[in-house]
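Notes follow the structure.
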Amino acid sequence: MESFVVKASETTGPKGCVLECMMYTDCNAVNFNTTRSYCELLDVARSDDETINNSNEVYFTNISDWTKDEDACWPNTCPPKTRCIVGYGNLQICIPFETPCDNNQCIKGAVCINSVKDYSCRCQTGYQGKYCQLSPCHVGPCQNDGTCSVSGSTYSCACTLGYYGTDCEFSPCHVGPCENDGTCSVSGSTYSCACTLGYYGTDCEFSPCHVGPCQNDGTCSVSGSTYSCACTLGYYGTDCELKACKQNTCQNGGTCTPTGGPNYECACSLGWYRSTCNSE
């Protein structure tokens, strides 16, 4: 169980600390620092794990186990937030008291911790600042105009359209959608690609060879911002659209054989000669 400081004060020793605890109805244990003669009145005794490495501190676990002096208010019948003193005829007098925490400014569920003249705020997880006024969203973790919302002890980001990630750190260009060395730019909630010369398409996915410009089984290759065609034997031209052996190239029954590019040879019928077999 967490221990709460009812009141803190400077006193002469452990005995004085105990006697003072007996005067407060809310006090059930004390913490006395022998080095500073500093007394904390606690509502519950602290657990063993809280006493580790605190050799200067004395913990009294249960008020009912202490030795009571004759002048002590015991049993204390005063209501909470009052201090008991013994009056004439051992009559208990209950005097209201204030602590620094009475007018504290701790917010966001913080616990106020009393000290002698001031108080401190023990913040809920995720909050910070003197009064725990700073939320997990204080540092502005959400990027790219994302909206930060506190979620328990942490935060969540509502990203603007197109952005994503825990902190909205990733843009539509993050995955590199533009192919073939295209340049990606964020455009509103989406992206656009500036394609290198010769490429086109939403993602620059189409090359100059995409439409299949090479005819007659020619092979298309991208060459810079354009293309070139490697033509099959017998065809030539930019797109392999021209045939070396056209109709009637070799006359008088001659047989045309392509030799590369626009070049050809004619095998003439008997009695005919010249390049196109047009002479007897």
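Just so it is clear, glycine is given a Cβ too, placed from its N, Cα and C backbone atoms.
Remember, TrEMBL labels are computer predictions, not curated facts.
Which of CYS159, CYS178 pairs with CYS168 is settled by TrEMBL: its disulfide partner is CYS159. If you go by TrEMBL, CYS240 shares a disulfide bond with CYS231, out of CYS231, CYS250. Taking Cβ pairs closer than 8 Å, the domain 'EGF-like' (242-278) reaches residues 216, 231, 233-236 in its own chain, all 6 or more past its ends. Secondary structure of the domain 'EGF-like' (97-130) per DSSP (helix as H, G, I; strand as E, B; remaining residues coil): 4 helix, 9 strand, 21 coil. Taking a C-beta cut-off of under 8 Å and a sequence gap of six or more, CYS277 (disulfide bond) has these contacts in its own chain: CYS250, GLN251, ASN252, GLY253, GLY254, CYS266, CYS268, SER269. The Cβ of CYS240 (disulfide bond) has 21 neighbouring Cβ atoms from other residues within 10 Å, across all protein chains displayed.
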